[in-house]
Amino acid sequence: MVSLFKRGKAPPLTKEGPTSKKPPNTAFRQQRLKAWQPILSPQSVLPLLIFVACIFTPIGIGLIVSATKVQDLTIDYSHCDTKASTTAFEDIPKKYIKYHFKSKVENKPQWRLTENENGEQSCELQFEIPNDIKKSIFIYYKITNFYQNHRRYVQSFDTKQILGEPIKKDDLDTSCSPIRSREDKIIYPCGLIANSMFNDTFSQVLSGIDDTEDYNLTNKHISWSIDRHRFKTTKYNASDIVPPPNWMKKYPDGYTDENLPDIHTWEEFQVWMRTAAFPKFYKLTLKNESASLPKGKYQMNIELNYPISLFGGTKSFVLTTNGAIGGRNMSLGVLYLIVAGLCALFGIIFLVKLIFQPRAMGDHTYLNFDDEENEDYEDVHAENTTLREIL
């Protein structure tokens, strides 16, 4: 029976007393931080709604006007290898073309498929620029149905490797799997992103047709400046590494000291490595920021290498100028106008309701007490007044 009443040892005492789970007596831990809790009333809500509508309306209109000034040409050449003629230029089906110019286009874009002695195919695009376009001119490729934002895909590279460090095979980031090694050699650069790099080749000259002069383009400074610092020249020996599987067409005999890619200066690679957030995206490949594009007829030659049929997507050639917020994008301006319209609509509804069906008790003047009411209140709460009398 004695064991039933045996007590355990008490917690050790300290100078501050026994151990306690009480939170520290601070404003944050005790939830005493200062806060602002505004009282929503017609006098405060209506001006706010009207203010937002007045601000968002001109912003939305400005964004739409800026977007409409952007001139662009988009040609989907995904089916050039199957639908284009190999003998003469033919009109491209209308569903593969989209353009916005200040002047009317008289001649429809055309395409033709060519093949050299090595079996390499090229898609030749001819198109008309109906009016002079002021600088700057940008050439993008557009990909659809490609989910670069997949978690495994986004993480599939080795940070130290792209910084130029000669990482050993066993030390490579596991996220590079299954593109880590082949034939007991390290894949450089490893990972799914590098392996799936877009490799259609655009000519760096818009060849003028008839009396139109050639228009030169460049692939310099097409990547973000911060990206150019992320990629460094590798310290690997060419004999210790192999290219990714999908690069074998470009490097059929593997790497040598002469053809080893320098990702520090290879800006097309840097552009591709910055993954897109949506399955439809544009990536810059060429540009000219020094000269305007004269009106006339031009030809762009594209060497076909990228197999979009593997993921059921499309690839397009995009020639465009830029506006205040980039390319031709009406969505942002429309969203601003929608918000402005909703604010104006709710403001009108609240105003009409306030006029025809006011809420009297919502007036703040009812929170003030005059002297007579204070005296009555003090009388009711006198010391000798019982609870029964108050009720």
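Positions of Cβ are set from backbone N, Cα and C atoms, glycine also.
Database features (Swiss-Prot):
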- 1-25: region 'Disordered' (REGION)
- 1-44: topological domain 'Cytoplasmic' (TOPO_DOM)
- 45-65: transmembrane segment (TRANSMEM)
- 68-329: region 'Confers specificity for binding DRS2' (REGION)
- C80-C123: disulfide bond (DISULFID)
- C176-C190: disulfide bond (DISULFID)
- N199: N-linked glycosylation site (CARBOHYD)
- N216: N-linked glycosylation site (CARBOHYD)
- N237: N-linked glycosylation site (CARBOHYD)
- N288: N-linked glycosylation site (CARBOHYD)
- N329: N-linked glycosylation site (CARBOHYD)
- 332-352: transmembrane segment (TRANSMEM)
- 353-391: topological domain 'Cytoplasmic' (TOPO_DOM)
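Mean predicted confidence for the region 'Confers specificity for binding DRS2' (68-329): the pLDDT average there is 92.
Outside the transmembrane segment (45-65), and at least 6 residues removed from its termini, the chain residues within Cβ reach (under 8 Å) are 324-325, 330, 332-337, 339-341, 343-344, 346-347, 350-351, 354. In the structure as shown, the Cβ atom of N199 (N-linked glycosylation site) sits within 10 Å of 16 other Cβ atoms. The two recorded residues C190 (disulfide bond) and N329 (N-linked glycosylation site) have their Cα atoms spaced 35 Å from each other. Between the candidate glycosylation sites, N216, N237, N329, the densest Cβ environment within 10 Å is the one around N329.
Of all the recorded positions listed here (C176, N199, N216, N288, N329), N199 has the Cα closest to the Cα of C80 (disulfide bond). Long-range Cβ contacts of N288 (N-linked glycosylation site) within its own chain (separation 6+, distance under 8 Å): K135, S136, I137, Y215, N216, L217, T218. Considering only the recorded positions C123, N237, N329, the residue whose Cα is spatially closest to the Cα of C176 (disulfide bond) is N237. For C123 (disulfide bond), the same-chain residues that are 6 or more apart in sequence and have a Cβ closer than 8 Å to its Cβ are Y77, C80, D81, A84, W111, R112, L113, N301, I302, L304.
The least crowded of the disulfide-bonded residues C176, C190, judged by other CB atoms within 10 A of its own CB, is C176. Distance from the CA of N329 (N-linked glycosylation site) to the CA of N237 (N-linked glycosylation site) is 46 Å. N329 (N-linked glycosylation site) sits 27 Å from N199 (N-linked glycosylation site), taking the CA atoms of both as reference points.
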